[in-house]
Structure formats: structure tokens, C-alpha cells
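Annotated in TrEMBL:
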type: DOMAIN; residues: 16-84; note: domain 'BON'
type: DOMAIN; residues: 88-157; note: domain 'BON'
type: DOMAIN; residues: 247-315; note: domain 'BON'
type: DOMAIN; residues: 320-388; note: domain 'BON'
type: DOMAIN; residues: 413-480; note: domain 'BON'
Amino acid sequence: METMESTPRSPSQIAADAEITAAIERCFITKKGITSHLIEVTTRNGVVELTGATDSLLSRRRAEEIALAVRGVRGVVNELVVNGPDVSSPELYLSVQQALADDAATRDYNLRSTVSGGMVWLTGTVRSWAEKQLALRVVEGVRGVRHLMADQLRICHEGPPKTDQELTSQLHDILDWDIRINKKHVQVRTSDRVVHLTGTVGSAAVKHRLESLAYELGATRVDGRDLFVARWAQEPELAGEEAAERPDEAIGQAVRDTFGRDPRLHDAQPQVAVSNGAVTLTGTVSNLCARRCAEHDARHVAGVREVHNQLKVRTERFWPDADIAQRMVAALKRDPYLNHYAFSLTVINGRATLHGWVNNRFEQEQAGEVASGVNGVVDVENRVALFPDGYLAAQALAGDLTGTLASTTTPPPDAELAERIRTHFTSLSSFDGPAIDVQAEKGRVTLTGTVTTWLDRQLAAREAYDLGALEVNNHLLVQPLAPRPAALAAAR
């Protein structure tokens, strides 16, 4: 865990800390799902401390993830207190149990929960660190959970423990293929199954990703004290190896290896075919979340240029449409972000269509994610719309709003909107590659230029929406950085 340092700061470091604090505060204001007015941000020597309160564990985690992604942040100390709604212990217990049972992955875990005064104790056994993290996320997504204790949720790995050499070798292999990590200045050493990470990475988010990967592989502890964060380590000229062309056969195996580490795909075996970097996924999976995770995982693999997801959802048992609809309504009601909205839905042959009104695109996407996570659903058509303004939102919540609405939201002036987006892009550690050109006309934003990954392309559009764009025309091209000759030779 990072700690706030008390060493004296130079004038340049004080200025850099102030810049980081301002960037995080801007992110908190523009991004939804965070109680920005209740959060205090303090930065010292690149380490950010978050104090104050949020209204859910999901919001608390989201605030930390946003801060980690800001350029220049070396670490985050999360001291946020959760002041969520008071939910009676019997009701909260039923909600937690139902959430774990409705999730297609955690329903098969050996889990037990105890609830008292907003605190949940989760016990039992899981097969991996990744499964434990998934169970925690599911419980964090229950309205009314203010504290979550999982010290007694034990990990019982399948098969014999990995040797130190295996842990080190497998982590190196993962780093070779993960597009989110520039491994050039990272060293890995393992002793008694404790993974020691040293060197330099370009962002706190990358450091957090590295530590998580080590735990996923079976490390009992990860020591990242000597893994430092510096902006220069994110520079594009250092990423030549990651951009090197890779054989299709090797790409396919790397995608399959990624599936093997994903708890939602643990028992699935999607078929992977690769042609000139284009990945095609075929076969069946047991739930909609697994289908989406497979595509998401494949896009994180170096060398993948595009993904064609032809996976079909075939549930392990028959779920009546009425049962799916009932559990979907319950899932939306217990979500911390969505419980105060009224949704309507229809389910026909496992395909759900979701209607309703929410205040912003974050909540719109959240509604689709929650609906997709219900066991038994094979597809979700998200027709949730955005409230045009607060007055109509109040009418809709009161049940008085009918018909179709034209947006009356007034976007900021085009020049201000475009400059706001450009400034925001410069504050994110993800965008250290080629420049992105931003133009705005009547609230509609056009993005042109190049990014190095599909994930950056997707992120750029989402950030533009968060900053006030009414519509985003995403013309960004995905163009991996040209590798150095030595990197090409090594890849072949």
C-alpha cells in the first residue's frame, strides 16, 4: 500500500502535485458514479490521498481507479468512507445471497456470507485470486454494503503450487503479450512464492496491473516497493517490442492463455482462429458475460488487430423468461447507481429488451451491464435513454412522463468543449502516443488521428462523452507504433 511521504518538496514538485490534484478533481467532476463534492484530493510527491465519503463500495473503487489513470500519479492512498443507505441486515443478507446466486460465475463458488449493520463477511473457498476478486466485485455491487471483509475467503489453487521459477517465467510470458504494459524496464524475481517487482513503469495503473497479474498466477505476496512510476517510461519510443509483428499461431495461443486466467471463462473453451492478426472467436459459452469477456480479453493481447466475436450463448439449464425478467428487475433494484430508477423490460426466449430513463451515459451503460450479468439471459438490447433535463427527469421518476423526448440539453460552446477534451486527454497516462485531433460542432465531437490500441480508441470516445459531447464521431485509426529492427528480429 502506498503511503504519503513527508520529505520536503521542491517548487517544481509542488507545482506537479498541484497539477495532478487539479486533473483528478476535473475527472471526478466530469465522470459520473462518484460523489465528487464529498471527496478531498491531496497529492504529495506524486502519491494521491483520497479522503471524504462516497455512497457505495463501487463508487469508492471507481474513484481510486480514476486517480490511478491520471498521468504523474505514483500511487493512491484510498481513505474514503462509505456512507451508503441503511438497509436492514435481513434484507441486505438476502440481496447479497441473491447477487452471488444470479451471477453466472459466482453461483458455483463455495461462498457464505454474514451481515450486520452494513458490514458483510464473506467466507468459503475459491480456486484462484481472480475468482476472489470477482466475488468481491459482485458483493460490492449490492446497495447498502458499506464494509466488506474477506480475510476468511480462502484460495485453494488447483494442482500443486507453482515453483518460483514457474511464477517468474509465466509472469514474463504474460508481460510479453499484454498491450497495457511496457515491460522494457521491469524486472521480476520470485523467492518462496513472493514476487518482487523492480524497475520503472509509466503509470500507477500499470503498476497496479502488474501486481494483480502476479497474484493471478499464484503469488502469496507481491513486493512492488522498488517498482517506480515515471512519465518517461510511458514514452512511445520505448514500446517497440510491443508493436512488433507476431505469428498468428503465437497470437492464438496467447489469447487462449488469457482465457484460462479469466474466472468467467474458466470452464469455457472458445475456439480461436487468427489470420493476419484478426482473431475470430467461435463455439459456445454458458452466459452473456463470458461472451463479452472473451472479446475484451482478446483485444488486450499484443498483435491482435481486430476481433470477430461469433461466440454463441448456450445456457447450462433452461431459464423461463418470466424468471429471468424477475431476477433482472431485482438486480437493477439492488444496484447502488440504479436503484432509484424505474425500468421496464421484456424477455423473449432469453433475449431481454431494457427500457427506462437515466441521467447520464455512465448509468445507461451500467444498466446494460447489470442486465447482462443475470444468469440465463442470452442477449440484451439496451434501449435506456437519457433524461433531457432535470425537470423532465423529476417527471419521469414520478411516473408522469410519456412519449418521445428531444434533447434540450445545452452543450458547452464548441471551442470550450474541444479544448476541455484536449486538456483531459493530456492528463491521462493512456494517451502518450500520437496526438488526437478534437473538433466540435453543435456539441458533436469528431476525433481523428491515431492511437496504438483498440482500447485507447474506445476510451477516447467514452471520455469525450463524459466531458459533455452530445455525439462522438470516432474516426481514430488504430496504428501500433513502428517497432525497432531489433524488436522485429526478436519477435520472429
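From the backbone N, Cα and C atoms, a Cβ is placed for every residue, glycine too.
Unlike curated entries, TrEMBL annotations are predicted automatically.
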Quiz item: Which one, 247-315, 320-388, 413-480, has the most C-beta pairs under 8 Å toward the domain 'BON' (88-157)?
Solution: 320-388
Self-check item: For the domain 'BON' (16-84), the number of residues DSSP places in helix, strand and coil
Solution: 30 helix, 21 strand, 18 coil
Exercise. For the domain 'BON' (320-388), give the DSSP counts of helix residues, strand residues and coil residues.
Key: 26 helix, 23 strand, 20 coil
